[in-house]
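Q: According to Swiss-Prot, the record shows the following:
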- R4, R91: substrate binding site (BINDING)
- 39-59: transmembrane segment (TRANSMEM)
- H40: active site, proton donor (ACT_SITE)
- 67-87: transmembrane segment (TRANSMEM)
- H97: active site, nucleophile (ACT_SITE)
- 131-151: transmembrane segment (TRANSMEM)
- 215-235: transmembrane segment (TRANSMEM)
- 250-270: transmembrane segment (TRANSMEM)
- 274-277: motif 'Prevents secretion from ER' (MOTIF)
Amino acid sequence: FGERPYWWVHETKFYGAGPAPSLQQFPITCETGPGSPSGHAMGAAGVWYVMVTALLSIAREKQCPPLLYRFLYIGLWMLMGLVELVVCISRVYMAAHFPHQVIAGIITGTLVAEVVSKEKWIYSASLKKYFLITLFLTSFAVGFYVLLKALDVDLLWTMEKAQKWCIRPEWVHLDSAPFASLLRNMGSLFGLGLGLHSPFYKTTKMRIMSAPLRIGCIVISVSLLHLLDGWTFSPENHMTFYALSFGKSAVALLIPTTLVPWALSKIYPVKTEGKNL
């Protein structure tokens, strides 16, 4: 279920006495977490599903002509399908996932996006609620791990397999371990709460931003997030590594929700409540 091809071919009895296939490994092959479902396929499906449905919703609100809307509908879904195909093929090609795992990722990502997009409470929830949810989910996951550990169930079994079968030790990255993924997600949730309750966000929300300014926010945010993504930490001290991963993920949500829009609204005058600043 959670096996990855690059170690599974060495341990399976499927091939009997015959030789196992020789799978080429890459610097991003040796991920250390369980492989099902594919996180990359799931993330891509979730993001693209939200973008496509949002654009189609805007087109309906603008009363787009039926023929143009139909072309837009087909084109956007085909584009999403093409992106997903590229993501899935790349994950299978680099021996990080089996085909059924990327398919499971697409289905899971789409379902999560559909459910979460209908939940509006995330915009009105208090900062205290964000903090308590983050604390509860983290504590529950850690407590569940400790309980299973006491029952001799090792949830980190994939780490040993990755270290054993990866052809180069430096390719085994701690940031793909289950706990690192958990803290990244919790950091993102907490960062979203901080961003939505920041005084900078409240100030920017009251202002009417033009289309060029919004495009500028997107471009600058993506650029800064790309730079932030390249910021890596030493895995020598696990506690420090996990704490910095949590903080990095929180900052990643603050950049597009609060920091960049606020900075641009200060640099370029925008309208607020019918007045020019």
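Glycine is treated like the rest: Cβ placed from N, Cα and C.
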Q: Compute the C-alpha separation of R4 (substrate binding site) from the residue listed as 'active site, nucleophile', stating it in Å without decimals.
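A: It is 5 Å, counting Cα to Cα.
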Q: Roughly how many angstrom lie between the C-alpha atoms of the residue listed as 'active site, nucleophile' and R91 (substrate binding site)?
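A: One finds 6 Å between the Cα atoms of these residues.
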Q: Look over the recorded stretches 67-87, 131-151, 250-270 and say which has the most C-beta pairs under 8 A to the transmembrane segment (215-235).
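A: Ranked by Cβ pairs under 8 Å, first place goes to 250-270.
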Q: Which number gives the other C-beta atoms within 10 angstroms of the C-beta of H97 (active site, nucleophile), all protein chains shown included?
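A: The answer is 28.
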Q: Within a 10 Å radius of its Cβ, which of these recorded positions (H40, R91) has the fewest neighbouring Cβ atoms?
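A: H40, out of the recorded positions H40, R91, has the fewest neighbouring Cβ atoms within 10 Å.
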Q: Count the other Cβ atoms sitting within 10 Å of the Cβ of R4 (substrate binding site), across every protein chain shown.
A: 24
Q: Counting only residues 6 or more past its boundaries, what in the same chain has a CB within less than 8 Å of a CB in the transmembrane segment (39-59)?
A: 33, 69, 72-73, 76-77, 79-80, 83-84, 87-88, 91, 97, 101-110, 112-114, 117, 181
Q: Is H40 (active site, proton donor) helix, strand or coil when read with DSSP?
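A: For H40 (active site, proton donor) - judged by DSSP and reduced to three states - the answer is helix.
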Q: Measuring Cα to Cα, how many angstrom lie between R91 (substrate binding site) and H40 (active site, proton donor)?
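A: About 8 Å separate the Cα atoms of these two residues.
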